[in-house]
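Remarks on the structure that follows.
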Amino acid sequence: MFNALSGMGGAGQVDHTASNNANTALYTAFAIFGILGGGIYNILGPKKTLFVGCSTYILYAGSFLYYNHHKHQAFVVVAGGLLGVGAGLLWAAQGAIMTSYPPHDRKGTYISMFWSIFNMGGVIGGLIPFVSNYNRTTAASVNDGTYIGFMVFMVIGTFLSLAILHPSKVIRNDGSSCTNIKYSSVSVELIQILKLFGNWKMLLMVPASWASNFFYTYQFNNVNGVLFNLRTRGLNNVFYWGAQMIGSVLIGSIMDYSFKSRKARGLVGIIVVGLLSTAIWGGGFAKQLTYSHDDVPNHIVLLDFKDGSKFAGPFVLYFSYGLLDAMFQSMVYWVIGALADDSEVLSRYSGFYKGVQSAGGAVAWQVDSHNVPFINQLIANWALTSISFPLLVALVVLAVKDDNKDEEGATKEVAITSNRDISTTVDYPNKE
């Protein structure tokens, strides 16, 4: 639902300022709590972590309902900051669940399964503004019913999170367990999180992590938000998130089934996404040359989905951006999942990924707020994603094993305190 809300450009507001500032607060807090989120997940478990994280999304959508009637940014920005805290918890928990619950040879399939469910929310969310604003073709902020619709779905999702099973109770099809740990401690988690900043595997992932949310600002605000009218933006998002479902299934299949060797599958997946990225960003560059920041809002005729051939080209481009996003992020998650097999380790890796990703997002929203030329934003996005691919290739070559027995988490032992039934982990370093 949050994706659909953001995808309308300016969270459905004509003036993007409040949304940009809220997103800066959001991603700044997200950068911190994304990194801390893995440790919090290991301490609290999935139910509490997810429930608290999901509840902040409801407040964020509600703040724009308030903003429709009272043009005060303060509430929206505070709600954005709180959402950053909640999002850090949600995505660290989600990353741990998605990468550690499946068997090691089916992680791509499980990632694509998650990504499809995740983006079904965006598809449904895109229909909400399309239907509720169908008769409003001129520039306007979305109506109250749109925000209320988002909030209803967010409430349902929040309470559904209470049904998630703890990883210590999950047994995979091959008989292995996700983790031996039942509880962790604050001191253990802080030490392990600090170690991530010196972990060469995580450092190789920094450009991909930074890039993977950086492009949203450009795509949502300066493609969908600039080129199309209100109702068409909602329709575009139905297809943008629908394209993600397709993309995640495609890359999941490649990275699970293309070759027997897991390392070979990883390399092929990265090459495929790299080639597709070059083609799509190249097409975006060609389109961006036809309009600039100076043309907004007086010199651009907003496109409607009924405009035929004029609508088709920009629509296909926006659809392709969605396809690429899913393939890029699913590829990165597959690489994370291939580095370890234990829920505890993967929650920290996922948290680090989301933390760096969110730091990039915070910068991106301010880049747009300061009216940086559209073409410069596109080039920055294209460059960041392109730099990521050779570094991910190096990571797969150096760190991904074809035998899951060599993965991190396989050499863990559990120490149980004598006075309390609290388990902490002792890490024995792998020989690289």
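Just so it is clear, glycine is given a Cβ too, placed from its N, Cα and C backbone atoms.
Curation does not apply to TrEMBL; its annotations are automatic.
Features of the protein shown, as given by TrEMBL:
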- 25-43: transmembrane segment (TRANSMEM)
- 50-67: transmembrane segment (TRANSMEM)
- 73-93: transmembrane segment (TRANSMEM)
- 114-134: transmembrane segment (TRANSMEM)
- 146-165: transmembrane segment (TRANSMEM)
- 200-218: transmembrane segment (TRANSMEM)
- 238-259: transmembrane segment (TRANSMEM)
- 266-286: transmembrane segment (TRANSMEM)
- 315-339: transmembrane segment (TRANSMEM)
- 379-400: transmembrane segment (TRANSMEM)
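When each of 114-134, 238-259, 266-286, 315-339, 379-400 is scored by its Cβ pairs under 8 Å to the transmembrane segment (200-218), the top-ranked stretch turns out to be 379-400. Panel annotation: around the transmembrane segment (315-339), residues 95, 98-100, 102, 104, 107-108, 111-112, 115, 119, 201, 205, 208-209, 211-212, 215, 219, 223-224, 236, 239-248, 250-252, 255, 262, 266, 269-270, 272-273, 276-277, 280, 283-284, 287, 305, 346, 349-350, 353, 385, 392, 395-396, 399-400, 407-408 of the same chain, lying at least six beyond its termini, place a Cβ under 8 Å from a Cβ of the stretch. Packing against the transmembrane segment (238-259) from elsewhere in the chain are residues 3-4, 7, 105-109, 111-113, 115-116, 118-123, 125-127, 130, 224, 265-266, 268-269, 272-273, 315, 318-327, 330-331, 334: each is 6 or more residues past its ends and has a CB under 8 Å from a CB in it. Residues 108, 223, 251, 254-255, 258-259, 317, 320-321, 323-324, 327-328, 331, 334-335, 338, 375, 378-379, 381-382, 385-386, 389, 392-393, 396-397, 400 of the same chain, all 6+ positions outside the transmembrane segment (266-286), place their C-beta atoms under 8 angstroms from a C-beta of that stretch.
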